[in-house]
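Q: Pasting in a structure now, in structure tokens, and then I'll have a few things to ask.
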Amino acid sequence: MQQVCLLTVVSLFVTSAQCKTPGLQTRITDRALEYATEVALDILSKQVTGQQIPDQHGQSGDVKFDITGMNVKQFTKPSSRVSLIQNVGLSWSTSGTGLAIHGDFKYKYRKGIIKISDHGSFDLKANGINFQVKIEIGMDGTGRPTMKAVGCSCNVGSADIKFHGGAAWIYNLFSGQLENKLKDMVGGGNGLLCKQLNTLIDVNGMKSLQKLPVTVQIAKRFLLDYRFLSKPSFQTNFMETYHKGEVYWNAVPVDAPFAAPPLLKSSDTSRMMYIWLSDYVFNTMSYNALKYNQLQYNVTNKDLPSGVLNTTCPQSTCIGKIIKAIGTKFPNTTVMLYMKSTSMPNMTAQNGSTVVNASGDIVFFAQQPGGKYTYFLTLSATMSTTISLMIQNEKVFAKVLKLPISVTVKDSKIPVSPEGLNFIVKGIVSVFVEPKLNELGAAGFPLPVINSVHFTNTQLTVAKDTLLIATDLKYSG
């Protein structure tokens, strides 16, 4: 991406005073904006250097001149400052910019019978260039951010021109007028620098915003919605944004029947960016997964260590050997477990710990000749899974720390002993469920960032209903 980094950082997350509790909130501090302007000026230097300047023609007294082939040879980085304007956006100002311009000239001098014409080249050095531009940041009707350059101004402190070739005394006749022309071309609201800045913000910047992921597909079935709830909010030293932060069923995007809880409050601004991620984001995904029958699975021998679900096993451990009634009633076959959630898995973040509570049924069938299955047992299962969370590559990853599972007999056609239940929990359910949960956690939960911006020096805090990510940023565009 060849845009100014300032625009990129602003493009990450943009919104304000919310009309409903957000599922995701961000804070971009003045440290991030200061870093962004430094990178922005590097990019602006590359874009301005080599820029062609339109030919100029003029007359000063008895001298007519033509200036052609002008281009910027050098851009000297200025000092810069970004300030936040309440209810508007940003103000970006610089001082001490320098430009070196090279071009060709030709002139005709005519006074009475004296006629002189010549040509050559020149080098112009413009110093003390200051510019200021406001960036209005808003939101369109689809929940995407918008930005617009407003009121760009630029002035040139001094310009010094040096000619090569021709008669020096004639240059004095039009050099002053030429210097003023070139100063006007570089400075002013319609000059070279303001045109470049307006293009960067209004054209290139908006193209960058279109790449910002405000909706992300998950597993081709779910839609993660990071659209903005309202316009930006700007304070003295940071801007805050509020996002919907909800996961929908992709084919039928309908709001969940519960609201996001309040997020943790924090006044910290020591890092470049802060992201508050509500457990509402994960719970809306669980809600839709249950509603659209995604939390059910047929467990067979292919999902477990070899032979565990066999009903006959003379030389190994299997379900038919531990629960003898199964081996007696259904010899020389295998068992299938139909596992399904009976309520929405609920994630709760609090005091440094993240727990997922879930409940469901485990229904047992014995395979019969011809591919038919005979039902014989239903267990009710509950689990309270403690998970660890980490941030890597701008995603949230999870891993199971504890997976206590308890089961009770809900319905049975056979007698089941406590040892049999213990075997089912430890030898079958846990062996299947834990790797599946870790597989989901290893896929990562995407955060709304552009590819060219990366997290560094990142810290994750788990508080009530909130994952708070504090991070610095690095631009790699």
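Cβ atoms are placed via backbone N, Cα and C, with glycine included.
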Q: C19, C194: which one closes the disulfide with C152 in TrEMBL?
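A: Going by TrEMBL, C152 is disulfide-bonded to C194.
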Q: Including all protein chains shown, what's the count of other C-beta atoms within 10 A of the C-beta of C152 (disulfide bond)?
A: 21
Q: Average pLDDT across the domain 'Lipid-binding serum glycoprotein C-terminal' (267-471)?
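A: The answer is 93, the mean pLDDT of the model over that range.
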